[in-house]
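**Student:** So TrEMBL has the following annotated:
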BINDING   Lys124, Gln187, Gly219, Asp250, Lys393  UTP binding site
BINDING   His220  substrate binding site
Amino acid sequence: FIQDFSKAMSQAGSSQFQEVIRQELEYSMKVELDKILATAHSNEIEHTKKDLEGFKKLFHRFLQEKGPSVDWGKIQRPPEDSIQPYEKIKARGLPDNIASVLNKLVVVKLNGGLGTSMGCKGPKSLIGVRNENTFLDLTVQQIEHLNKSYNTDVPLVLMNSFNTDDDTKKILQKYSHSRVKIYTFNQSRYPRINKETLLPIAKDVSYSGENTECWYPPGHGDIYASFYNSGLLDNLIAEGKEYIFVSNIDNLGATVDLYILNHLMNPPNGKRCEFVMEVTNKTRADVKGGTLTQYENKLRLVEIAQVPKAHVDEFKSVSKFKIFNTNNLWIALSAIKRLQEKNAIDMEIIVNPKTLDGGLNVIQLETAVGAAIKSFENSLGINVPRSRFLPVKTTSDLLLVMSNLYSLNAGSLTMSEKREFPTVPLVKLGSSFTKVQDYLRRFESIPDMLELDHLTVSGDVTFGKNVSLKGTVIIIANHGDRIDIPAGAVLENKIVSGNLRILDH
């Protein structure tokens, strides 16, 4: 329908006709949203109204936009000085008064996601990643270590979604004695819309039971409006805070970097950046990551979804677009407030199609936090080491961070000095390992991976204690077969297949 709709739009010579269709769709949407709002209890009306107003604005923009939102011909490589190498930032060293600089910082973690892709219920941040520590535990430990080391007061702010808020709040009591003030605010809750009719599938405001599929959190670009609406932004500015460091809670490399913070607070040319995006060099594994480009004289984040089909391969090329966005962002609080009050934060709409359990096709309209870079003044990219991008999206990632490749210190993971080369091995675990509980059952202990380059595991495979993997190891159990790697086995440059219970080592 959407494609036919836009085709009809472009062919209809009269913009009048297009306008009529748009107005009808907007009017129908308004009627439906008013019906939903009418079902809200008195204590829910205020925030439901804010959510639906925000959604209405997004829907209005969605109807205005035509096709991919970038004109490929206008995309240019960013100017040399707009993306600085991290080494140059680090070479400036640190001032004596680093504590006073740290006291201007707030750490914000995007905590809206569930652990469903890894077979877990509840917030992803509560999955155990290392020595029983969850993503949230490690985050709190990192900031507590900072506060103790420098005698500072850096707070942690969690942006929850309606999916993660209750569970997260229950767990926060655990940190009541830690030296970190923790605040939370909720991102918006928007209605999913039917792909055919472009109307909400929700009939009332409830989002439990059979209604859970009617609503969604609209991507992390929602941070600006919901942070502002929560009142927390103003409170932090009143406390003298100046910058937020925003990152995904599942990126274990996203720790507070004092050199970047110093560069922001004490810029070499005296002119402060309002927005810094950490980018890092693409490898073959990152070809889909969003990249920074120059577009109409502004730095602009271009995501794969915005690229016209004919140019997708070019976009994925590692030679033309060498870097991608890590989603570690440093943003001035005063700038967020100014732009939010002017309604001047412009982020491209991401149309995310979903099929619900019953087979109904819906779309959800989302935005990405980094896309706002073009709305801020004096934005900058910093090309950081790969170690600042260590996301855990799958159990293959989990195996890496649980292994002896990394050592844990005060909540931060660093590559072990015993590994001779700093690249991370490529690990591909098959579908038998997708869920965390299956994955944990298949490893009696995490193998020694210090000398591993590549691991592929497929089928019904289990690992005994103290297994060592080196070089390239491929283990494939065919359908109906099972492979048990015995305790103490050393596999170096081996392909194991068939139905093995024991093997030479």
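The backbone N, Cα and C atoms fix where each Cβ goes, and this holds for glycine too.
All annotation found in TrEMBL is predicted automatically rather than curated by experts.
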**Student:** Return the residues near Asp250 (UTP binding site), defined as same-chain residues 6+ apart in sequence whose C-beta is under 8 angstroms from its C-beta, sorted by sequence, else 'none'.
**Tutor:** Gly113, Lys124, Ser125, Phe135, Pro391, Val392, Lys393
**Student:** Using all protein chains in view, find how many other C-beta atoms are within 10 Å of the C-beta of Lys393 (UTP binding site).
**Tutor:** 14
**Student:** Around His220 (substrate binding site), which residues of its chain at least 6 apart sit with Cβ under 8 Å of its Cβ?
**Tutor:** Leu110, Gly112, Met159, Gln187, Asn248, Asn327, Ala368, Val369
